[in-house]
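A.B. asks: Questions regarding the structure given below will be posed in turn.
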Amino acid sequence: MTADVLKALPPDVRTLKLSGHVGFDSLPDQLVNKAISQGFVFNILCVGETGIGKSTLLETLFNQKFDFSPSNHDLTDPKLKAVTYDLKEANVKLKLTVVETCGYGDQINKENNIKPVVDYIDNQFENYLQEELKMKRSMQAFHDTRVHVCLYFIAPTGHSLKSIDLVAMKKLENKVNVIPVIAKSDTITKSELQKFKARILSEIQSNEIGIYQFPTDDEAVSETNSVMNQHIPFAVVGSSEEVKINGKTVRVRQYPWGSVQVENENHCDFVRLREMLLRVNMEDLRERTHGVHYETYRRQRLIEMGFRDDEKMSLQETYEKRRELQRKELQQKEEEMRQMFVQRVKEKEQVLKEAERELQTKFESLKKTHAEEKKKLEEKKRFLEEEIAAFERRKQLAEQARQGNLTMKKRK
């Protein structure tokens, strides 16, 4: 099979027709296989009042029972809890991190309710940045906890957005992809819901709040996303209760007057949210988090560290240059430490040699003293042996003289 060559090339690039199969047409398959083997990461932040249905909606979205501990209304300050799960669907692995607010909106003074949320998002950006700045970094092994999407839960009042909602979404707009959802939308009528949606969009636009819009520049999904953008904010219902209707198991919320089917688009926008969030635009959320929100944070932090854009050099070039300087400084420090270590080793060797010489001198002195003492003892021994020999000779002479005297006496 002959590979096709793209024709949209600059004029100075030659177009060649392959005479046979080469094999680089398998590159997309290689990328897909590599991505599947590594798995994917997706992090969701749910911001909303206590008991508004955050946990239930997440469990409905992923058709999975999560171990969420219930929150209470007694917290003095809002807190966040994050739980990570490893999910698998058709050999595709997903490391899902779910972050929920606890005690959000329960305080009398709600002025700083959103601060812990903003701090959490910034902390995840900072963790990723510090990993990037390491001399020996391993981004593939690093667990990326940057928030890819924030589902902002709006209470179904049917009137308008609360001031806390406007302030919160305004502070989050440049840090995370914000998707507003109307929680427990089955508690208001259809006509009220449509008016409520229109009022929410009007207030968001009048306050110039930037919420996430599904991208329409990709021809493959532009039509679908354009239609779905008109349904924002999504009116959702979550439920873990399942019943059989016409022989089919469906998730519902049952009331004395009837039931609401979670996955019925005539009843709520849950299916639309799931389609847009997980099945169509998950990768765009991930890319936008990295390419827009994280880059904004990264640029600001690098400027704080002393990296600045100028006419001659871009921020990225400045960053790379400063990183290269840091690498050289580190190498220089390593060389200085090595030289210092070598010098200390030499000094220690010199001390050991001096001590060895002193020991050798003492050994030679003791050896000489020992030889002299030995010589003296040998001389004393020789002198004593000579005295003993002389004594033996005198003794023999005396004995001979005594024998001679005895012989003469007998003869007389």
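For all residues, glycine too, the Cβ spot is worked out from N, Cα and C.
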A.B. asks: Can you check which of 48-55, 368-375 Swiss-Prot lists as region 'G1 motif'?
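C.D. replies: Of 48-55, 368-375, Swiss-Prot gives region 'G1 motif' for 48-55.
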A.B. asks: Give the range, chosen from 63-66, 123-126, 183-186, 335-338, that Swiss-Prot lists as region 'G4 motif'.
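C.D. replies: Comparing 63-66, 123-126, 183-186, 335-338 with Swiss-Prot, region 'G4 motif' matches 183-186.
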A.B. asks: Which stretch does Swiss-Prot mark as region 'G3 motif', out of 100-103, 328-331, 376-379, 380-383?
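C.D. replies: Range annotated as region 'G3 motif' by Swiss-Prot: 100-103.
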A.B. asks: Grab the same-chain neighbours of the region 'G1 motif' (48-55) for me: Cβ-Cβ under 8 Å, and only residues 6 or more beyond its ends, written as numbers and ranges.
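C.D. replies: Distal contacts: 66, 68, 71-73, 100-106, 151-155, 183-184, 238.
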A.B. asks: Work out, from DSSP, the number of helix, strand and coil residues along the region 'G1 motif' (48-55).
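C.D. replies: With helix first, then strand, then coil, the region 'G1 motif' (48-55) has 2 helix, 0 strand, 6 coil.
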A.B. asks: If you draw a 10 Å sphere around the Cβ of Ser55 (GDP binding site), how many other Cβ atoms fall inside it, taking every protein chain shown into account?
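C.D. replies: For Ser55 (GDP binding site), the 10 Å Cβ neighbour count is 20.
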A.B. asks: Identify, in sequence order, the residues in the chain of Ser185 (GDP binding site) that are 6 or more apart from it along the sequence and have a CB within less than 8 Å of its CB; answer 'none' if there are none.
C.D. replies: Pro156, Leu193, Ala235, Val236, Val237, Cys268, Asp269
A.B. asks: If I take the alpha carbons of Asn405 (N-linked glycosylation site) and Glu100 (GDP binding site), what is the distance between them in whole Å?
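C.D. replies: Between the Cα atoms of Asn405 (N-linked glycosylation site) and Glu100 (GDP binding site), the distance comes to 136 Å.
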